[in-house]
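To keep things clear, I will list the structure first and then write my remarks on it.
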């Protein structure tokens, strides 16, 4: 029984010491990986920020290039009376004489093309 204890005790001490060393190594590896991951995340974050800033600059340039006159003026929707001489129907609509309804109100309405 003593020989079993004598052989078991050094094996146990060796296993504990190696296990502790492995635990410390694992902890160090995890810290290194975490630091590498943080640096990678910082790099990715900076890259994404640069791309977003470039996109924002492009969008602001496009907005500043448009003038107020380039916007579509107010238009008349479908089925709304319009003036034959000055039709302000929205895009995709045409100022036409109605076929059935509206004959007695105004002579022209905005209809789809």
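Cβ from N, Cα, C; glycine included.
As recorded in Swiss-Prot:
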DISULFID  75-90  disulfide bond
DISULFID  82-95  disulfide bond
DISULFID  89-110  disulfide bond
REGION    61-83  region 'Disordered'
SIGNAL    1-21  signal peptide
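Counting other Cβ atoms within 10 Å of each Cβ, the lowest count among the disulfide-bonded residues 82, 89, 90 belongs to 90. Put simply, 89 is the one of the disulfide-bonded residues 82, 89, 110 whose Cα lies nearest to the Cα of residue 75 (disulfide bond). Residue 82 (disulfide bond) falls outside any helix or strand according to DSSP and counts as coil. Of all the disulfide-bonded residues listed here (75, 95, 110), it is 75 whose C-beta has the fewest other C-beta atoms within 10 angstroms. If you take the Cα of residue 95 (disulfide bond) and the Cα of residue 89 (disulfide bond), they are about 7 angstrom apart, rounded to a whole number.
When the disulfide-bonded residues 89, 90, 110 are screened for a C-alpha within 10 angstroms of the C-alpha of residue 82 (disulfide bond), the residues that qualify, in sequence order, are 89, 110. Note: the Cα of residue 90 (disulfide bond) and the Cα of residue 110 (disulfide bond) are spaced 8 Å from each other.
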